[in-house]
Every structure is written in C-alpha cells, then in structure tokens.
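Summarising the annotation, TrEMBL assigns region 'Disordered' to 1-23, 204-235. The feature domain 'MENTAL' is assigned by TrEMBL to 48-219. Feature annotation from TrEMBL assigns transmembrane segment to 55-76, 96-116, 123-145, 151-171.
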C-alpha cells in the first residue's frame, strides 16, 4: 500500500531536480550561439588572430628600427660606402655595429617563421631569441669598445635589448593567453550550440502540421436529425 505513494514521491522529486537544468538549457539563445561560432570560424579562416598580427608587426618594426639606426650610424661615421666596407668587409667585433643588425635579422626570421608561418603556440622560440640576444649584447658591451665611439655605442645595444624583451612580454602576456581564452570560448559556445540543437529542434514546417478539413456550417445538425429520424421505429 505504501509503495505507490513512495514511487510517486520519487518521481516528483526527480522532476523537481530536472527543472533547473531544463530551465538553464531553455535560457540559451541558439541565434546568439550560432553568431558567436560563425565569428570564431571567420577568425580561423583568416589564419591568424589580430593580436598575433600585431606581434608580427612589432617584430617587423624591430628589424626596421635597428636597420634605421645602423644606417644613421654609418652616415655619422663618414659616409655609408666607406663605413659599410669597414664594418662588413673588415668586421671587428669590438668596434662594429654590423653584428647588432644581424642580430635583429636573426630575431625577425625566427619569430616570423615560428609565429606567423608555423603559427606556434608556445614560448620556446621567443625564449630562444631573447636569450641569444641578451647573452650576445651583454658580452659585446663588456668586451667591446662601443662606449668610446659616441652615443651610438649606447643607443644600439640598449634599444636592441629593450625591443627583444618587449617582444617576449607581449607574446607571453598578450598573444598566447588571449588566443587560449578565445579558443576556450569557442569550444564552450560550440558545446552549448550542440546541446541547444538537441533540446531546441528546428521550427516545424507547415507540412508537418495536420489540420482536418473544416466541415460545412450547419451540416452536422442536419446529419444528426436525419440519423435520429432513421433510427425511429416505424409504427
């Protein structure tokens, strides 16, 4: 006798527990989810994110800025052709700035190859270029005689060192975390859209509804009267 009320109570409690989940699912807007997924897919089709493109532009700026400073240094020392021959053909580690320019070219090639062409999502490439740049510049400043050659003995090594570490900070704290966050949002939105598609099927078309033909007004009353007359016994 007590089994039926117990089963009814269990069914009622299970239905009450399922109500919040259904309410949460019905609160999802499938249109917004699809729009968000399409925006993420559009970003994937572009091949590279906006923040990564900004990073690649900054790496290009690093190379161009160091090249500009080196050309200015060549002009200050007495002409591009004469100084270029002295620093490149007769390279001297203690007095030449050509190696700092090559260091900028090295950073540009490695970082563009890793983060633009290969679309690497790890920090090892930027760590390698920054470590090589820092070690080389520190050794050059300690061993060479750059400080005795005027302002460019300070400017080129310091600017190159700062730009390398700015690239490291920008990639580690902006590019990689933002791309990981966008990827997580895309996965969550895609999962939610799949659940919404299961719980919110598409709108039924007109052919899926069935409506019986309407009866002619007044025909039902006449049919009922004729049926009653036919059922009356004949005296």
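Using N, Cα and C of the backbone, Cβ positions are placed for all residues, glycine too.
Fair warning: this is a prediction, and the values are worked out from it, not measured in the lab.
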Problem - Region pair the transmembrane segment (55-76) / the transmembrane segment (151-171), three or more CB pairs under 8 Å - result: yes
Problem - Arithmetic mean of per-residue pLDDT over the domain 'MENTAL' (48-219) - result: 85
